[in-house]
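Below: one structure, written as structure tokens.
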Amino acid sequence: MTVSSIENALTHHIRQIVETHFDKNHFKVFSFVFSLITCLCAASVLIISIFTPWLIQYLNYNQFVINIIGAFIAIGMYLPLPYLGYLADVHGPVILAVLSLFMFFPGYMVASLVVRDNLHYIYLCISYGLIGCATSCLYFSSLLTCAKVFPNHKSLSITAPVACYGLSSLLLSGLLDSVNWFYYVNGDLNLYRCFRFFAFFYFVLGVINWVSSVIVTIERDLIFEEEQIPLIEPDDIHKRDFSVFLKDHSMYLFLFAFFLIVGPLETCITNIGSITTVIDPNGRKAIPLQVSLHAIFSTTSRILVGGSLDYLPKIGVTPVHLMIVLVLSGTLAFTLITQGSHMDLISIFLGFSYGGLFAITPNILVSIWGIGIFGSSWGLFMLAPAAGSTLFGLLYALNFDTMCKVESRFCLWKVFSALALCTVTSAIIIFFCNKVWAKRNAFKC
């Protein structure tokens, strides 16, 4: 595939420096390592549950407002992804690295002003929408860089950045928990300092990601020079392959199943703070622990899932079988929430389900529909958490604000009974999709 004019403009000077002063193989390793480091630092948006108690305390937000902010996060993270994926497939991941620079900094700067000046919550919604989109750009750029630099090692090139992203929320929550600079003298979290820190931190990280993503352009340029036959424009190749993807009816069923499980899981991430205050006897003090448990088991699940992909076919198990297990893990977590007990187990099962699903689903897409349209196919699937988080989040907020005014460990049973039913439905649909794919021998992994 040829290098587009936009990709050439964004990478020209960096490529000249790299090709003159660096060995290409060494730069590939550099790009892979720094893409993983970027993923390790990318998920500050996932630790919003640490901030929500202080937003409620200092800005008088209720759970409905918190979930409106969560909806803007989901919309920012997931709704633009089909277009971002298309841009990355045609112009390279470098364009996403550049876009992240111009959204992270103003997003967190505006958030800091909202906290300092007590501005209307709509400004915080907009800022977190930008932060959500910037997060996707930064993470997606790194993921695609890893996947396209080492396309023949899916268990490494896809699972490693996915696992690092899962670990990111654990590292960032640990940073906030351990550095006194982020706190007032009385022990309350200083949101203004937190948001300012992230603004400058992500500006630097975005510049590094810009440089590391250039390896994809260098690799593509070398392949094109060796072939010396630009017979088809990159946009034409992409449209042809993506058209096949869109005409596959099983894809739409799989997308709906993904919506039914990932929407409720995203809702739990946004609201893990309030869920903890309802169920855990330690209340707000237990929130950092639950965030950490979720992150630890999310990362563990990503690693285990990625490490097992090369061995599953040898024992007659497809990735879809593993995906069903992960879905049912979410079902178990929601069932425990309806019982109003075992918050630690709830966080563990939620993390295991969430992390594993975001590791296995990209691999299924690549295995069935190919790496060439991975940016667009994965981008389309990210509409599921965008819509699901918004819908299920508002349902949760309505339930919480009406049923949890009086303290009760069982006030969430209605909404989570419904969510558990959604996840069971998801597992049934995924099982059916696997039957369809097995008949046509779709899995190449």
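Note that Cβ sites are derived from N, Cα and C of the backbone, with glycine treated the same way.
As given in TrEMBL:
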{"type": "TRANSMEM", "residues": "29-52", "note": "transmembrane segment"}
{"type": "TRANSMEM", "residues": "64-88", "note": "transmembrane segment"}
{"type": "TRANSMEM", "residues": "94-114", "note": "transmembrane segment"}
{"type": "TRANSMEM", "residues": "121-144", "note": "transmembrane segment"}
{"type": "TRANSMEM", "residues": "156-176", "note": "transmembrane segment"}
{"type": "TRANSMEM", "residues": "197-218", "note": "transmembrane segment"}
{"type": "TRANSMEM", "residues": "251-279", "note": "transmembrane segment"}
{"type": "TRANSMEM", "residues": "291-309", "note": "transmembrane segment"}
{"type": "TRANSMEM", "residues": "315-337", "note": "transmembrane segment"}
{"type": "TRANSMEM", "residues": "349-372", "note": "transmembrane segment"}
{"type": "TRANSMEM", "residues": "378-398", "note": "transmembrane segment"}
{"type": "TRANSMEM", "residues": "410-432", "note": "transmembrane segment"}
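Only sequence-distant pairs (6 or more apart) were considered; of these, fewer than three Cβ pairs between the transmembrane segment (156-176) and the transmembrane segment (410-432) are under 8 A, so the stretches are not in contact.
Residues 46-47, 49-50, 154-156, 158-160, 162-163, 166-170, 173-174, 269, 272, 319, 322, 326, 344, 347-356, 358-360, 363, 445 of the same chain lie 6+ residues outside the transmembrane segment (291-309) yet bring a C-beta within less than 8 angstroms of a C-beta in it. For the transmembrane segment (410-432), the residues of the chain that approach it from at least six positions outside its boundaries are 253-254, 256-258, 260-261, 263-264, 267, 275, 278, 320, 323-324, 327-328, 330-331, 334-335, 337-340, 392, 395-396, 399-400, 403-404, judged by C-beta separation under 8 angstroms. Taking pairs at least six residues apart, the transmembrane segment (64-88) and the transmembrane segment (251-279) share three or more Cβ pairs below 8 Å and count as touching. The recorded stretches the transmembrane segment (378-398) and the transmembrane segment (251-279) share 3+ CB pairs below 8 A when only pairs 6 or more apart in sequence are counted, and are therefore in contact. Within the chain, the transmembrane segment (349-372) has long-range Cβ neighbours (under 8 A, six or more residues past its boundaries) at 89, 143, 147-148, 151, 154, 158-159, 162-163, 165-166, 237-238, 241, 244-245, 248, 251, 254, 258, 261-262, 265, 268-269, 272, 293-302, 304-306, 309, 319-320, 322-323, 326-327, 329-330, 332-333, 336, 378, 381, 437, 442-445. Sequence-distant neighbours of the transmembrane segment (94-114) (same chain, 6+ residues past either end, Cβ-Cβ under 8 Å): 6-7, 10-11, 59, 84, 87-88, 121, 123-124, 126-131, 133-135, 137-138, 140-141, 144, 191-192, 195-196, 198-200, 202-203, 206-207, 209-210, 212-214, 216-217.
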